[in-house]
Amino acid sequence: MEFDEESHVDNEEDNIDQQRKRSSIPDVTRRTPSIITRITPANPVATRNEHLLVTDITPCRNFSLFFGLTLRSIGVIFGDIGTSPLYVVNTIFDYEPDPSQCIGAISLIIWNLIIVVSIKYAILILMADNHGEGGTFALCGLLTDERIKLSRRVKLTILIVSLVAAAMLLGDGALTPAVSVLSAIEGLLIDVPSIESWIVPIGVIIIVLLFLAQRWGTSRIGTAFGPIMFLWFLCLFIIGIWRTTMRPEILKAFNPWEAFHYLLKEKKRGFYQIGGVFLSATGLEALYADLGHFGRWPVRCAWFFVVFPAVLFNYLGQGALLISNPSLIDNPFYHSIPEWSHWPMIVLATLATIIASQAVITGSFSLISQAIGMECCVPFKIYHTSKTIIGQIYIPMINYILMILTIIIIVGFQKSSRITNAYGVT
């Protein structure tokens, strides 16, 4: 659905409904070709008639909508986790590992994906929605509700912690596009070193196009990005299976004892390597922050049936490669693919890393809308970009602020390697 940023609501429509004060769902306006519909928690009937809450979306109730949202969530939410195989393994090892070290490190990655991403986030945390919304302020709204018997001081502390966490996520919203786009373009320097002086201008152009595309809404962006990311995950899965069959002993990594034994054996060095292991869950917060855009069941389905198998077997494949030839640790991902597919994979990886920025941008919109609803933020114009899903929104002011900050970061740091420390902190 197209909409014009210059469209506005009459002054009487801008009065804030008093019944909205305690709700985490912000009061928003939605521009349609004929009317402007006002949606508030005080008018739940109108809300349900116009939109679906994402908690209502299950494969049994509306399979076509569920399938569409699942595909779009692949393109919007899982870009960061999906592109982590590009750099995780060679970040963990700065030396040539022996077979037992390969198996132990891959085991740590596998159980990180199982325990932290699959069990903690995909199963448990996604159940903690606040009227279908997820993220920092959604959780804060649940904990500070009037029905929760906590002291005023405790609730104030929770709110302050939520504000700090939200600030970190917004910082991530500016840093992630910068580091993702620069790292993608810098990958071309391997084969075309002459374009080094063009890295920053190309990065700025891509960032401007990426943020300008936000005005078309999560649905259209997800529809465009979803098939590309699905192809990316399919390639990860096929490459991983192919490499794993060459050295099937890497399957020992499914044994949790291998992970514990690796840490016990490596001691201090193994402890430091855990930081690299957790890079395999990069962008994990997007699963919860973007909950209002897609719903828990589409997100869960995308993770368990597409993303998780793809990244899991790709890590196994890289481990199998290093068991065969540890000297390829400089870039195990690109060494694991056939030579004839080198350039196509570079192009696909570049597209995937650019798309990886989308999850945090979309999550920032949800975060600000919830902050407005809880009166923790000045009001901005919020547009619904979907006639079906209430959580799919667009905030022009936040979009352009993030775009300007991202451009400043790219121009100021020049190289992705210089951004990683700030990126790691957030």
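Each Cβ is built from the backbone N, Cα and C atoms, and glycine gets one as well.
Taken from TrEMBL as is:
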COMPBIAS  1-10  compositional bias 'Basic and acidic residues'
DOMAIN    70-425  domain 'K+ potassium transporter integral membrane'
REGION    1-29  region 'Disordered'
TRANSMEM  103-123  transmembrane segment
TRANSMEM  156-175  transmembrane segment
TRANSMEM  195-212  transmembrane segment
TRANSMEM  224-242  transmembrane segment
TRANSMEM  270-289  transmembrane segment
TRANSMEM  301-323  transmembrane segment
TRANSMEM  343-368  transmembrane segment
TRANSMEM  389-413  transmembrane segment
Honestly, do the transmembrane segment (103-123) and the transmembrane segment (270-289) touch, with at least three Cβ pairs under 8 Å and pairs 6 or more apart in sequence?
yes
Same-chain residue ranges lying at least 6 outside the transmembrane segment (301-323) that approach it to Cβ under 8 Å:
59, 66, 70-71, 73-74, 77-78, 81-82, 84-85, 88-89, 93, 97, 99, 102-103, 105-106, 109-110, 113, 117-118, 122, 230, 233-234, 236-237, 239-244, 246-251, 253, 280, 287, 329, 332-333, 335-336
What else in the chain is close to the transmembrane segment (270-289), if you only count residues 6 or more beyond its ends and a Cβ gap under 8 Å?
77-81, 84-85, 87-88, 91-93, 105, 108-109, 112-113, 116-117, 121-122, 125-126, 134-136, 169, 172, 176, 262-264, 299, 303, 311, 315, 356, 359-360, 362-363, 366-367
Quickly jot the same-chain residues contacting the transmembrane segment (195-212) by Cβ under 8 Å, restricted to those at least six beyond its ends, or write none.
177-178, 181-182, 185-186, 188-189, 354, 357-358, 361, 399-400, 402-403, 406-407, 410-411, 414-415
Report the listed stretch (156-175, 343-368, 389-413) having the maximum count of Cβ pairs within less than 8 Å of the transmembrane segment (224-242).
343-368
At a C-beta cut-off of under 8 Å, are there same-chain residues at least 6 beyond the transmembrane segment (156-175) that contact it? List them, or none.
135-137, 139-140, 143-144, 150, 285, 289, 360-361, 363-364, 367, 371, 376, 402, 405-406, 409, 419, 422-423, 426
Same chain, outside the transmembrane segment (343-368) by at least 6, Cβ under 8 Å from its Cβ: which residues?
75-80, 82-83, 86, 133-137, 166, 169-170, 172-173, 176-177, 180-181, 183-185, 187-188, 191, 206, 210-211, 214, 218, 221, 225, 228-229, 231-232, 235, 283, 285-286, 289-293, 334, 337, 377, 380, 391, 393-395, 398-399, 402
